[in-house]
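Copied over from TrEMBL:
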- 51-70: region 'Disordered' (REGION)
- 170-443: domain 'SMP-30/Gluconolactonase/LRE-like region' (DOMAIN)
- Glu171, Asn331, Asp383: divalent metal cation binding site (BINDING)
- Arg276, Asn278, Glu296: substrate binding site (BINDING)
- Asp383: active site, proton donor/acceptor (ACT_SITE)
Amino acid sequence: KLLIYALHATEVVAQMSDIDLTVEENLEKLKQTCRQSHLQLPYHDTIQRTEQNSLRGQKVSRSRDSSGKNNDFTRKCHEYFLVCEIKRIHTTNSLNKKLLKFCVFFQIYITSTKLFLRQFQNFHLVNNLRRASSVIFTRNSCLKSACYGWRKHRLANPTVKAVTNPVLHGEGPHWDEETGALFFVDISSRLVNRYDPKTGKVTHAEFADSEEEGGGGVSLVVPVANSKATRLLTTDGHKVVIFNWDYTNTTISSTNGGEAFEIVSVDTESSKTGNRWNDGKADANGRLWGGTMGPEPVVGKVTPDQGSFFLVEKNNDYQPITEVTPVSISNGLAWNKDNTLLYYIDTATLQVDVFDFDLEAGTIANRRKVFNLAENNVTGSPDGMTIDNNENLWIACFGGSQIINVDPRTGTLIRSVEIPADQVTSMVFGGPNLDILYVATAQIVLTDQQHEEQPLAGSVFSVTCLGVKALAPAHNIIRTKISE
């Protein structure tokens, strides 16, 4: 009987509820349907008390109606199911639907079963129910944990806010914990930017046009350790360079004897003149891991299999070590807590892969698939990536107007967060508690209509109230020729 009520609630709410309405508005909308079911829906405060009492396992009073039928208990159960189902509908956008439905169903089942047993003194019936439900009862603690996790996520309501003015091609955000500032680049405009959340001010260092042929632009930025982020590593086309910056708006001259100093250059073969550096990060030992991409004669149309994934470190005299080749668009990177796994994205594959990682030796091996966006019906292409304190991945979906949260151990999609820009490029956790997710976006070759629809495209957005934070602060580069 109780299961019938639960299924009825699911069917009624699915047909009648409106995601654009509040819970209270949907409850009002359901009054007529409930009357047709010979059930009177009480006011919302009564429902809240019923829900709270049910969750606490308190006995629900038994009252008789005018006809003498003992229907108070069944009415309250039905109303409780309706409330749970309405709230489930209102949270499915931010949670994995299968997980949420599982948690809600068993929360209802366990709660209603306890209430059911308390309403009757027939011990033979109680014992029979217990035997029939032995599996459910023995796993009650696990189900409670699952329901607690559902309620915790249900309370998390991510807030997305633009914190900078739009740039052309925002990328490579890096949070510097020492100075409490966010660095990011504008690839097409050849800018390294610094955002100070305390003042809201953004300053930039512009790299003068390079004389080298082919690819160009700055694509990543990582502070040099022990420099208070006044010495930074970035890329300039094929080159990795170091420069000093006092955070004022300035122009950095050429790397050829100018204010920026070249450390290494990659993809120098005549067949790869159109290549450029793309994404890159430092590992826990301060080595630079990053890669290149092929020529992009038309935005979004990259020549495939022209790039490589490199390691640059002092022990090899800063000569680049080719780790993976060929790749099309070397992109997002993230390490797990123990630094035994390196997650990696080559955008053209539409998936996230993982390598076994040896931090001390600086080696990777045994590449395998973690998550494929196309196979999971996720819109967009994987771009930048980071990892949270639950060791779940956050992936930017270029062309998808969203970021997604993925469990790399199971390869399942946990949730997605919509970003008001189509071209989502990368992200990093920052802020005093490392619980603000800063998301970079771009607005390259948008049409006039797209600009009207996405006026904030190209901004850096802060995403708060996610219920997670960084696994660890972003690592800085250590031991470079210039810092020595």
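Cβ from N, Cα, C; glycine included.
Features per TrEMBL, on structure.
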| residue | record | CB count, 10 Å |
| --- | --- | --- |
| Glu171 | divalent metal cation binding site | 26 |
| Arg276 | substrate binding site | 26 |
| Asn278 | substrate binding site | 29 |
| Glu296 | substrate binding site | 16 |
| Asn331 | divalent metal cation binding site | 32 |
| Asp383 | divalent metal cation binding site | 27 |
Rounded distance in angstrom between the Cα atoms of Asn331 (divalent metal cation binding site) and Arg276 (substrate binding site): 12
Residue pair Asp383 (divalent metal cation binding site), Arg276 (substrate binding site) - Cα distance, angstrom, rounded: 16
Per-region confidence, the domain 'SMP-30/Gluconolactonase/LRE-like region' (170-443) (mean pLDDT, whole number): 93
Length of the line joining the Cα atoms of Asn278 (substrate binding site) and Glu171 (divalent metal cation binding site), in Å: 9
Neighbours of Glu171, Asn331, Asp383 excl. site residues, C-beta within 8 Å of centre, divalent metal cation: Gly172, Asn278, Asp279, Ile329, Gly332, Ile345, Thr347, Gly384, Ala396, Phe398, Thr425, Ser426
Arg276 (substrate binding site) to Glu171 (divalent metal cation binding site) - Cα separation in whole Å: 14
Glu171 (divalent metal cation binding site) to Glu296 (substrate binding site) - Cα separation in whole Å: 16
Taking residues Arg276, Asn278, Glu296, which bind substrate in the record, the widest Cα spacing (Å, whole number): 12
